[in-house]
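Novice: Pulled these features from Swiss-Prot for this protein:
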type     : residues : note
REGION   : 1-34     : region 'Interaction with CDK2'
REGION   : 1-20     : region 'Disordered'
DOMAIN   : 32-200   : domain 'Tyrosine-protein phosphatase'
ACT_SITE : 140      : active site, phosphocysteine intermediate
């Protein structure tokens, strides 16, 4: 696949300038089965495509072409724009769109958690993608903290799954580093109560406005 015409070669490091890109390993996508929550789909998780930081030197166009070849239709990005610049992929969101991948950008600070309203928006968008059988991928920087938290929350929406079962499911596919901070761990455990309170207050507000 040729790179989109509107993307200038100078915006991305070319493989001619960095021969190491020729030898890079394929982007590693972990596929989380959602059968435990009565969904036949799999949710993809990965680290930041195209990342150039410290000893990581990936080629953004190759990674994006790989995602396209996997059939990815929707991607959820949890990196902030500051992170995208830091890791030298400032135009990643535009590139996804130019390759025909629907992009959902929900920035969450590294190691942090979303506010409950933003979290519910993410859950609704994820559920819609999966319900419509769209091949969906989520990523942050390392694909272990924020992405794994979002995937855990999606599982935990099911009454049949405990927080630890959700974490174990993610660690089965992403390794022991999944869910990286105490803040994320606590957020998961408190999620159902906070979500119930949020939805209740939202419904109350809606009723008062409609009167």
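Cβ atoms here come from the backbone N, Cα and C positions, even for glycine.
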Novice: Averaged over the region 'Interaction with CDK2' (1-34), what pLDDT does the predicted model reach?
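Specialist: Value for the region 'Interaction with CDK2' (1-34), mean pLDDT as a whole number: 60.
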Novice: Please give me the CB contact count at 10 A for residue 140 (active site, phosphocysteine intermediate), counting all chains in the structure.
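Specialist: For residue 140 (active site, phosphocysteine intermediate), the 10 Å Cβ neighbour count is 27.
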Novice: Under DSSP, is residue 140 (active site, phosphocysteine intermediate) helix, strand or coil?
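Specialist: DSSP call for residue 140 (active site, phosphocysteine intermediate): coil, neither helix nor strand.
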